[in-house]
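What follows is a single structure, written as structure tokens, with notes after it.
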Amino acid sequence: MALKQISSNKCFGGLQKVFEHDSVELSCKMKFAVYLPPKAETGKCPALYWLSGLTCTEQNFISKSGYHQAASEHGLVVIAPDTSPRGCNIKGEDESWDFGTGAGFYVDATEDPWKTNYRMYSYVTEELPQLINANFPVDPQRTSIFGHSMGGHGALICALKNPGKYKSVSAFAPICNPVLCPWGKKAFSGYLGPDQSKWKAYDATHLVKSYPGSQLDILIDQGKDDQFLLDGQLLPDNFIAACTEKKIPVVFRLQEGYDHSYYFIATFITDHIRHHAKYLNA
């Protein structure tokens, strides 16, 4: 599949690149960012996928999080896709910020008119990794995933739905129990229809209850002053309780004074890169 390079910038000895391609899963052009550390010049490196939150593109993470130095030092290829299909000319796709464009929620839609394009789950877990593995110096056996907010939800469900695929998972302020929060109810009813039993297949709190797989070491950072936490959109306590019941190790850090922004992410991004490097470089 042809990749078109959009940009390339030297950063901490490596290269921050952005590419565009025609996505089969999403039936539209998609952009993704990929950081190639210096080590990628001489051999295959682990792949770490980042999933961004509502309204974001591939640009937010690469320009605001400050992850490059840690990725360079640990020799990680970091991939950051866009958050949804774009320009699909679906009626209503641009009417609200928390549904449609910029709000793919990392599910495979089953409802018209979304089901043709809104297949972000399959894009992130299948099409994009195949593209990365075929075109960049990565070791497919060493892959991890992390994300923020809607993307934190995406990272958790990708790891929980694919035991053994990812060496580690972490999240910043993830939407932990979307079937119970306003964002999730809006997105899931639109993409997946009214049958709430189908929603649970994309809800980390429900998935962890039946998780059969290899041990996962989960790291979650959450700002204590996050307005979306206070508004009941994130519901981390429900996820922590489910993990505790299943004896799945999770480190949950409630960070005093921090909000939902990239200032929060930038503060703790090095900890998360280190968390993944521990497993990816083992």
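Any Cβ shown, glycine's included, is placed from N, Cα and C.
Curation does not apply to TrEMBL; its annotations are automatic.
These figures come from a predicted structure and were not determined experimentally.
Listed features, source TrEMBL:
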{"type": "ACT_SITE", "residues": "Ser149", "note": "active site, charge relay system"}
{"type": "ACT_SITE", "residues": "Asp226", "note": "active site, charge relay system"}
{"type": "ACT_SITE", "residues": "His260", "note": "active site, charge relay system"}
*How many Å separate the Cα atoms of His260 (active site, charge relay system) and Asp226 (active site, charge relay system)?*
5
*May I ask which residues of the same chain, at least 6 positions away in sequence, place their Cβ under 8 angstroms from the Cβ of Ser149 (active site, charge relay system)?*
Gly53, Leu54, Phe172, Ala173, Pro174, Ile175, Phe228, Leu234, His260
_Under 8 Å by Cβ from Asp226 (active site, charge relay system), same chain, sequence gap 6 or more_ = Ala173, Leu234, Tyr258, Asp259, His260, Phe264
*Would you count the other CB atoms within 10 A of the CB of His260 (active site, charge relay system), including those on all shown protein chains?*
21
